[in-house]
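> Got a structure here, written out as structure tokens. Questions coming.
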Amino acid sequence: MFSQNICMWRDCFARCSPGYYERFECFHDCITKGYDDGNCVPGPKTGRCCCTR
């Protein structure tokens, strides 16, 4: 069975990049798209921006 955290992630779209596209930009883009939250998954250096409801 899948972890609840894995099932929560719905839309991953942009590569996170320190100094260019970080958690703040990811969060802003997710809110603009109508999601409740957004974060770089699995981390800020190698992750992608994933939005959750």
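Keep in mind that glycine also has a Cβ here, set from the backbone N, Cα and C atoms.
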> Based on the record in Swiss-Prot, give the one of Cys12, Cys16, Cys51 in a disulfide bond with Cys40.
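So the cysteine that Swiss-Prot bonds to Cys40 would be Cys16.
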> In the structure shown, which of the disulfide-bonded residues Cys12, Cys26, Cys30, Cys49, Cys50 has the fewest other Cβ atoms within 10 Å?
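The disulfide-bonded residues Cys12, Cys26, Cys30, Cys49, Cys50 were compared, and Cys12 has the fewest Cβ atoms within 10 Å.
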> Going by Cα-Cα distance, which of the disulfide-bonded residues (Cys30, Cys49, Cys50) sits nearest to Cys16 (disulfide bond)?
Cys49
> Going by Cα-Cα distance, pick out whichever of the disulfide-bonded residues Cys12, Cys26, Cys40 is nearest to Cys50 (disulfide bond).
Cys12
